[in-house]
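Can you keep this structure in mind? I'll have questions shortly.
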Amino acid sequence: MSEHDVRPLAEAEFRDANRVFLSSLHRPAPTDQQWERSTARYEPGRVFGAFRSGELVGTTMALGSSLAVPGGAVLPASAVTGVGVRADHTRRGVLRALMRTQLDDVRDRGEPVAMLHASEAVIYGRFGYGEATRTRTVSLDTHRATLHADAPSGGSIRLLDKAEAGKILPELYRRIVSSRPGTISRSDGWWESRLGVFSGEQMVVAIHTGEDGVDDGFALYEAKMNDYRFDDGTCELQVGDIRGADAVATASLWRFLLGVDLVDRVVVIDRPVDEPLERLLTDRRACRVSSVQDDLWVRLVDVPAALAARGYGTAEPVVVEVRDGFLPENSGSYRIGADGVQRCAAQPQLSMDVDVLASLYLGDVGVSALAAGGRVAVHDPAAVAEADRLFAMTEAPWCGTGF
Ligand SMILES: CC(=O)SCCNC(=O)CCNC(=O)[C@H](O)C(C)(C)COP(=O)(O)OP(=O)(O)OC[C@H]1O[C@@H](n2cnc3c(N)ncnc32)[C@H](O)[C@@H]1OP(=O)(O)O
């Protein structure tokens, strides 16, 4: 497919793009009401369509967002989503053409990184995206899961209806969200669609208020009750989001969720892999990790800017060769040290593709693990331990925001 078959879509075409995307995921076209709640996500200029013989056959879009990186900086970032190609046009280069146009657009906007959640892990590496954060899904047996006596506690919980939640949550999230690497901003449009199309009718919003009377945490959940006449009659609380400003707010939300009446299991998706949840419980086996999965995929669109923006641990500097076949201006050698990052002409000690660099970027995985997996070529073995120390983080990166 040639480049000129891809162009930004006019607002009147956004609904078509939404239809193409949903049908690629085997979902029905949106109802008028669903579409109304989705439109806020469609930002003019950031929605692209691929055309064949005048027909829209593929699409991608991005939300303007930001990404917290190690060291405390928050970078402007494109949150890429809505990617889909019509089933009768797949494997003909439509996605490749869309990715090319979109990454050029991200670069022209001066956003050093793009990010996405991948439907399949084998698609986006070729465009330079690397798996950069992971999350875990936990399942708690409420008949065994009790917080121990010394677990943080305080404040109170109240429930909100969705209309009230729409007024409170965007500001609350902005105020309490931590600077943990991988954290992204959520626009008002994101919240509108989260509380609208992406929520079930039964969604409940719980807010935690601290001892000082200030709201400092929330949880979104839905109860799924199995009919006791046809099924086992158990009830599962499915929790999609828990955010607390501190340990008291977070533990209080867990305590509340585990105490909701008639519930047998609390299942929570998208939690940080290093969350000390088991440490809050009297019986750590009441919490089962049902899966650990890739979360945010990151693309370093402007490698020098992205590398310079993050902080590094204390170690000897290392010269890393980066190979970027899709955005070749990023290719080259970089001296990375605690004192900063510069392009250089020195012999590289390590070589890697740009998607591998993206996996290192937020600190989710070390250079030694990637070298052991054959993803980093080691020219100077002493550089591996130094690079591990440079990129290492004490906290696991975490996004936990679907988009
Ligand atoms: C961020 C998000 O929105 S995630 C949601 C993504 N959307 C979906 O998963 C919906 C269903 N799938 C689709 O719509 C399409 O199959 C897409 C978007 C995944 C791929 O679109 P296509 O136009 O077929 O991709 P295209 O032909 O440009 O392929 C580019 C390359 O990726 C490879 N590729 C594309 N899709 C896949 C896949 N599902 N599995 C493995 N490889 C793939 C192609 O083989 C090709 O490889 P190459 O680099 O060796 O040439």
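Cβ coordinates come from backbone N, Cα and C, glycine included.
The structure displayed is predicted, hence computed values, not measured ones.
Per TrEMBL, the features are:
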ACT_SITE  Tyr124  active site, proton donor
ACT_SITE  Phe403  active site, proton acceptor
BINDING   Val83, Gly84, Val85, Arg91, Arg92, Gly93, Val94, Leu95, Arg96, Ser119, Glu120  acetyl-CoA binding site
DOMAIN    4-152  domain 'N-acetyltransferase'
Checking proximity to ligand 1 here: which recorded positions out of Val85, Tyr124, Phe403 have their Cβ closer than 6 Å to it?
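The ones that qualify, in sequence order, are Val85.
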Of the binding-site residues listed here (Val83, Val85, Arg92, Val94, Glu120), which is spatially closest to Phe403 (active site, proton acceptor) when Cα positions are compared?
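So, spelling it out, the nearest of the binding-site residues is Val83.
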Please list residues from the chain of Val83 (acetyl-CoA binding site) whose Cβ is under 8 angstroms from its Cβ, counting only those at least six apart in sequence.
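Val83 (acetyl-CoA binding site) has long-range Cβ partners Phe21, Ser24, Thr59, Thr60, Leu95, Leu98, Leu116, Ser119.
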Give the helix, strand or coil assignment DSSP yields for Phe403 (active site, proton acceptor).
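Where Phe403 (active site, proton acceptor) sits, the three-state DSSP reduction gives coil.
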Measure from the Cβ of Glu120 (acetyl-CoA binding site) and count the other Cβ atoms within 10 Å, all protein chains considered.
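That number is 6.
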Using the residues the record lists for acetyl-CoA (Val83, Gly84, Val85, Arg91, Arg92, Gly93, Val94, Leu95, Arg96, Ser119, Glu120), what whole-number Å value is the largest Cα to Cα distance?
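Spelled out: the longest distance between any two Cα atoms in Val83, Gly84, Val85, Arg91, Arg92, Gly93, Val94, Leu95, Arg96, Ser119, Glu120 is 19 Å.
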Considering Cα atoms only, can you say which of Val85, Arg92, Val94, Arg96 is the nearest neighbour of Tyr124 (active site, proton donor) among these binding-site residues?
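Going through Val85, Arg92, Val94, Arg96 one by one, the closest to Tyr124 (active site, proton donor) is Arg96.
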Summarise the model confidence on the domain 'N-acetyltransferase' (4-152) as a single mean pLDDT, whole number.
96
